[in-house]
Each structure stands twice: as C-alpha cells, then as structure tokens.
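Remarks on the structure that follows.
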Amino acid sequence: MEEVQRRQHPHPRRSLKKLSEDSLTKQPEEVFDVLEKLGEGSYGSVFKAIHKESGQVVAIKQVPVESDLQEIIKEISIMQQCDSPHVVKYYGSYFKNTDLWIVMEYCGAGSVSDLIRIRNKTLTEDEIATILQSTLKGLEYLHFMRKIHRDIKAGNILLNNEGHAKLADFGVAGQLTDTMAKRNTVIGTPFWMAPEVIQEIGYNCVADIWSLGISAIEMAEGKPPYADIHPMRAIFMIPTNPPPTFRKPELWTDEFTDFVKQCLVKNPEQRAAATQLLQHPFIKNAKPVSILRDLITDMMEIKLKRQEEQQRDLDQDDEENSEEDDMDSGTMVRASAEDTGTMRAASTLSDGARTMIEHDSSTLDSQMGTMVINSGEDEEDGTMKRKEETIQQSKPSFLEYFEQKEKENQANSHSNRNAQALQNSSDNWKVPQDGDFESLKSWSVEELQRRLASLDPTMEQEIEEIRQRYQAKRQPILDAIDAKKRWQQNF
C-alpha cells in the first residue's frame with residue numbers, strides 16, 4: 001500500500017508556497033496536469049492535479065462564473081488571509097473560458113465523512129478526539145482572525161495522508177468586523193446549524209462550536225441528530241427541543257459526553273469557545289495523528305480494490321464485446337420461403353446476423369442498452385458516470401427545497417386546494433404541547449389521519465413565510481452590491 005501511495009503521489013521537487021506571477025499569467029493547463037475529478041464542493045467541481053514545476057499534488061476547484069461571483073471572491077479572500085496548518089492553503093486562481101480555477105492544498109485522504117462512508121464504520125473515541133483537536137486548533141485560528149466558518153461538519157474536515165485534519169470549504173464563511181459584529185442570516189447545513197442561526201437573532205464565532213458538537217455525534221454515530229427526519233422539520237425542532245445527545249449514551253465515556261454537552265449549549269453566551277475546549281480533558285488527552293494512519297490506509301485499500309474490480313469488469317466486458325464482434329460476420333440473412341420482407345423482427349434472427357433489425361417494445365430495453373448510468377449509491381465504483389453538475393448557490397442548502405416546493409405548488413394547484421381545505425378544517429384544533437398526547441386517545445383513526453394530513457400544508461405555509469423573510473433580507477444586500485459595482489465602474 002505504501003508503494004501504491006508513493007507511485008500515486010511522488011515526492012515533490014520542492015514545496016509549493018504560492019503560485020509565481022509568471023505562472024499566473026499562463027493558461028492553467030500549462031502550469032498543471034489535471035488528473036481526475038474528486039467530487040463536488042460549494043459552487044463547483046474539485047479536481048486533483050499536479051503542479052508541473054514543483055511536482056506537488058494540488059486540488060483545483062473549477063467554478064462556473066455564472067455562479068454567485070461575490071460568494072466565490074469571498075471564499076478566495078478568506079483563504080488568502082489564512083496561514084495555518086489546520087486550514088486548507090490557497091495557492092492562486094485563474095480564469096479559464098467560463099470557469100474560475102481556484103488552486104488549493106490537496107488533502108489525499110479526503111473528508112472525515114468519506115472516511116466513515118467508504119469504510120462503512122464509525123470512528124472510535126480516540127480517533128474522534130484526535131480529529132477534533134486539530135479541528136479546534138483550526139477554529140481557534142479562524143476565530144482569532146475574526147472569521148466564522150458557518151458550515152462545520154465531517155464533510156468539511158479534510159485529512160491529509162499523515163492524518164492531519166484541516167478545515168475546508170469556506171463557501172459560506174463570513175468576516176466579523178467592528179461595524180458588523182453579528183450576522184442575522186440563515187446560512188449553513190440544517191442538521192448542523194446552531195439554534196441562534198436558525199432563529200436569526202444574530203450570532204458570532206461560537207455558532208461554529210455548536211456545529212462542532214453535532215459533528216462529534218456524526219463521527220460517533222455515522223449521522224447527525226435529526227438526520228432521519230425532513231430537514232424542514234429539523235429546522236423547527238432544533239431551537240425548541242433540548243440539546244441533542246447520543247442515541248445510546250451508555251456507549252460513550254463521561255469525558256466525551258461532557259465535551260459534546262459543552263459544545264451543545266443552547267445559549268450562545270454560555271457556550272464554550274475553541275480556546276476553552278482545547279483545554280477539555282477529552283481533547284487534552286487526545287492521541288497523536290499516527291492513530292489515524294491505519295484508517296486512512298484501510299480506506300485507500302478499499303478504494304484501490306474497488307478500482308481493480310471495476311477494471312476487471314471493464315476488461316471482461318471488452319473481451320465479450322470482442323468475441324461478439326468476431327462472431328458477427330453475417331450481412332446477408334436468408335429468409336424463409338414464406339417471409340418476403342426485408343425488415344425482420346429481432347426475435348427471428350440469430351445472434352450473428354443483425355443487419356437491419358426491427359425491435360419490438362419488449363426487446364428494445366434488453367437488447368439495445370449501450371450506456372449504463374450508475375446510481376448515486378455507487379459513487380466509488382463507476383468509471384463512466386453521469387454526475388450532476390448543479391452548482392450550490394449562495395444560500396442555505398435547505399432553501400433549494402423552498403424553490404422546488406414552489407414549482408410543485410404551481411404544477412399541482414388542484415392538490416394544493418385540497419390541502420388548503422384540510423388546513424381550514426384543522427384550524428379549530430390545537431397541537432398537543434410539551435409531549436402531552438393524552439387528548440389523542442379520544443380521537444378516531446379517521447380523525448387522526450385527517451389531522452396528520454393537515455400538518456404538511458401548515459408546514460409549507462410556514463416554510464414559505466421563512467423564504468419570503470430571507471428574500472426580503474437578502475435583496476437589499478444584492479442591490480447594495482450592484483450599486484457599489486456600478487459606482488466602481490464609473491470611477
């Protein structure tokens with residue numbers, strides 16, 4: 001395995017600190033060899049590449065310029081200002097056709113989320129403590145620089161081949177200034193969002209600490225709290241419910257449980273800061289990053305095995321196709337005496353005599369399938385895959401749901417009218433509060449089903465109100481940005 005890693009990542013001739021002015025004036029293909037697509041990040045696709053001059057492996061995010069350029073520039077600006085071993089480094093950027101190429105540090109082991117998913121195993125307390133220690137150091141640095149990440153989760157904590165964790169994906173990160181000390185916009189990933197972020201009451205750096213606590217549970221259990229329910233429902237539950245904890249608390253030590261508890265304090269003023277949490281016994285006693293190397297090696301071996309299996313399947317398919325080509329030499333088909341047609345049904349021909357074939361509907365799917373599109377579940381196994389190229393916009397990921405539901409509402413106005421009727425019929429009943437469900441016992445099954453059906457229209461109405469409130473706050477900012485751009489052009 002070490003030999004494979006050396007072969008895939010030869011030692012660079014010199015360490016790349018920053019791209020030279022000369023390099024930045026060239027076309028990116030002259031400076032880098034792009035090797036393969038790694039996946040999707042905020043606003044664009046991420047590729048693995050080699051810097052030709054130094055031989056160093058880098059990551060390149062390619063972002064279509066029709067994406068929210070303001071957010072992209074913000075991400076670059078934040079990365080440019082950061083110089084920490086616990087934050088992904090930024091080397092430079094290019095414009096190429098309609099894309100912006102952002103050149104960043106390559107983390108060969110991928111994200112902590114990848115580590116869990118590919119191995120199909122959650123992490124131990126020791127492994128979690130080691131990862132969280134590096135993550136907290138990254139957060140301490142960011143918060144000292146008066147920056148909020150705003151999207152901390154296992155998928156945005158990257159690991160290099162040595163096991164060092166680094167914060168990445170600053171697509172929604174924000175700068176704190178003296179004149180704007182608090183944010184009041186809902187940005188981030190719903191399951192990891194702090195209550196004060198959802199409630200739009202203003203927040204600061206400790207919003208990242210709540211997300212870190214949720215990420216700790218994610219590493220331990222494989223998914224964050226509320227992951228099994230709809231994100232929209234989670235948004236309403238997070239601010240009102242008690243802080244989440246482990247599904248099976250008895251599996252975890254008191255130190256780990258207390259660490260998570262200190263992260264998940266609902267009142268942000270009472271929540272611990274990164275510097276304080278670095279002194280927590282769970283973090284202070286963390287083991288060195290060397291304990292993560294076996295996990296990383298295990299993951300890479302699994303990926304390599306999948307690639308080899310896939311290559312064998314491809315080779316086997318090529319051999320079968322080659323044999324069929326050798327056998328398929330018939331161009332003239334002898335018809336039976338009663339058959340005078342020139343176009344024949346596929347079922348009447350032998351395998352080796354297909355010149356002009358009329359397929360019926362039953363044979364079309366089975367005999368004419370040439371390009372197979374893998375399902376999204378087989379991410380690691382396909383060589384030719386259809387990848388969704390949708391770009392994440394500069395809004396909370398869950399707000400895409402609002403837009404989708406709005407389209408569905410327009411297309412299904414009739415069903416909406418029925419839903420409204422249900423909503424009207426339910427106006428005279430009260431939702432049980434604080435777990436008091438005694439009143440439900442007196443209702444009939446039909447009544448319970450009717451009232452359950454009325455909940456969704458109510459939720460959609462509340463969601464629409466949130467969307468409109470968000471848009472009302474967002475539009476003046478966009479107008480101000482446009483005004484500043486026009487002013488700069490005039491001067």
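Note: Cβ is positioned from N, Cα and C throughout, glycine not excepted.
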Coiled coil according to Swiss-Prot, located in which of 238-271, 374-407, 442-475: 442-475
Reduced DSSP assignment, D151 (active site, proton acceptor): coil
Of E40, D151 (the recorded positions), the residue whose Cβ has the fewest other Cβ atoms within 10 Å: E40
For the coiled coil (292-334), the mean pLDDT of the predicted model: 76
Other C-beta atoms that fall within 10 angstroms of the C-beta of G44 (ATP binding site): 22
Cα distance (Å, whole number) from E40 (ATP binding site) to D151 (active site, proton acceptor): 15
